[in-house]
């Protein structure tokens, strides 16, 4: 496959973003090498807190959470999904599938050999991150899900349907504008520009374009069976599993119910509702960091 790489200068001087880039090369099943970017801040001898973003953002979404957690002494790892941020971007929309995303991030996880992970995942960060939990449950010590799900082809919310229609039909995908529309506060011009930074033009956005159409919302969608198999693993996951959905997200409202009903790790832990929109990391970063700090403090020492 043909691959685009956003020039480094696009990421210079971004607001509140001083983290050094780290890169891992993974190989697709077709032999194509793909470079995946991640942030790795804080003491390397601490258990990693893994922050996974979704559509159409990148690790920048977690910049305030990262700073808060590092100040509390934690190690924080935040990757960019393939097609986003500083990670490579396959050039064709058809290069992107749900299963390829899972395979790419599985290879990334294994190459970096992360263990004893505390995962926070939102949006597609959950659709992919929870598949990683199901594939490598021994690598994860705790999970926090926020404004996400693991769909098995049983329908969609009105909010998601509106987003799907917009994303597939708009002539240009205005990423910074989309991020601003999904937060309770107004992002600054500099913040919106940072979300636009990974995409010099529309040709870099094929991964962002196709993501909404890859969500398994009908029985005929690809990955329904794979997600059902992942649910079977999650139904045995008895380590701490916290729901932290926001109070103003029309896309995933009520999505915590399935986790609470099916994942044994949701018992005997405190759940929370965060204030904010779909991109709750922009609205409640201090609260997210405090939640993760408290969760880690309650885990047995590795």
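These residue numbers are counts, starting from 1, taken along the chain as shown.
Placed from the backbone N, Cα and C atoms, the Cβ positions cover glycine too.
According to Swiss-Prot, the protein has these features:
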type: DOMAIN; residues: 48-152; note: domain 'AB hydrolase-1'
type: ACT_SITE; residues: 123; note: active site, nucleophile
type: ACT_SITE; residues: 249; note: active site, proton donor
type: ACT_SITE; residues: 278; note: active site, proton acceptor
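Secondary structure at residue 278 (active site, proton acceptor), as computed by DSSP, is coil. Shown for the domain 'AB hydrolase-1' (48-152): DSSP residue counts in helix, strand and coil, namely 46 helix, 25 strand, 34 coil.
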